[in-house]
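Database features, via TrEMBL:
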- 77-94: transmembrane segment (TRANSMEM)
- 114-134: transmembrane segment (TRANSMEM)
- 146-166: transmembrane segment (TRANSMEM)
- 178-198: transmembrane segment (TRANSMEM)
- 205-225: transmembrane segment (TRANSMEM)
Amino acid sequence: MIMLWREERMNGTRSTLDWRTARLYPIPSLIYLIHNNVQFATLTYVDTSTYQIMGNLKIVTTGILFRLFLRRKLSNLQWMAIILLTVGTTTSQIKGCGEGNCGSLFSAPYEGYFLGLVSAFLSALAGVYTEFLMKKTNESLYWQNAQLYLFGVLFNFLRLVLEGGWQKVWGLFNGYDVMTWLVVLNLGCTGLLVSWIMKYADNIVKVYATSMAMLLTMILSIFLFNFRPSLQLFLGIIICTMSLQMYFTPPHLLVELSACQRDPGPALSTISIEKPNAAT
């Protein structure tokens, strides 16, 4: 709201409420609310490693819904890159058998896998619908964010009241310290960055940005926490980097043409030969 006020003051404009567009904003807010609760429900059935690995399914579901609902055609090479990105992120999150019990991986009940699939679908659906909403009109990005988050706060507030009553509402900020507010501020800035991506890029760019963030996380963890990266993490980052190049690089730059294909040489001309007359 502060950034919206600053933008209107600098440009001398004023945002107006269009009910035909505003009625669409509760939909992604409701989807995100259901998705967040499904995430917690999933964690009651699966361990954290399985949860992280199943979360990578949202990369594929985002590509599918991106194609179906936004009518964005992806080439075969781009589909291969998306699948490769899923494999890369999954590889980076798998621990070696010496670090944990490999038998516990994917040993959760069926309810956990079902909720994991639902979570991946809802995450992709919310992202694709938000992109559609952001690009539907030429309204200010901050005005669109204000409407989107207003319904998000409203739905979560009602959920909190129905679950724990007003007593939970009054004690909502109990235990908040400086670090807690820094986390909230960080998530708020992340939300603004994602909205910029939705407005001026697309969901696939967001998926790649999120997945490639593990490279920066690894570098920072090495210096800040003396983290020792595993072989799986290195392999995952290499695979994700290859996927990034495959998706965004034009195909003709990925394939090295042979000498004959690069220089076909002079075109052959047709020469007509007349058959000599038998009399001569």
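Each Cβ is built from the backbone N, Cα and C atoms, and glycine gets one as well.
The model shown is predicted, which means the values in this text are computed figures rather than measured ones.
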- [ ] Name the range, of those listed as 77-94, 114-134, 146-166, that has the largest tally of Cβ pairs under 8 Å with the transmembrane segment (205-225).
- [x] 77-94
Open item on the list: With Cβ-Cβ distances below 8 Å as the criterion, list the same-chain residues six or more beyond the ends of the transmembrane segment (77-94) that contact it, or say none.
Closed with: 49, 52-53, 56-57, 59-60, 63, 105, 204, 207-208, 211, 214, 232-233, 235-240, 242-244, 246-247, 251, 254
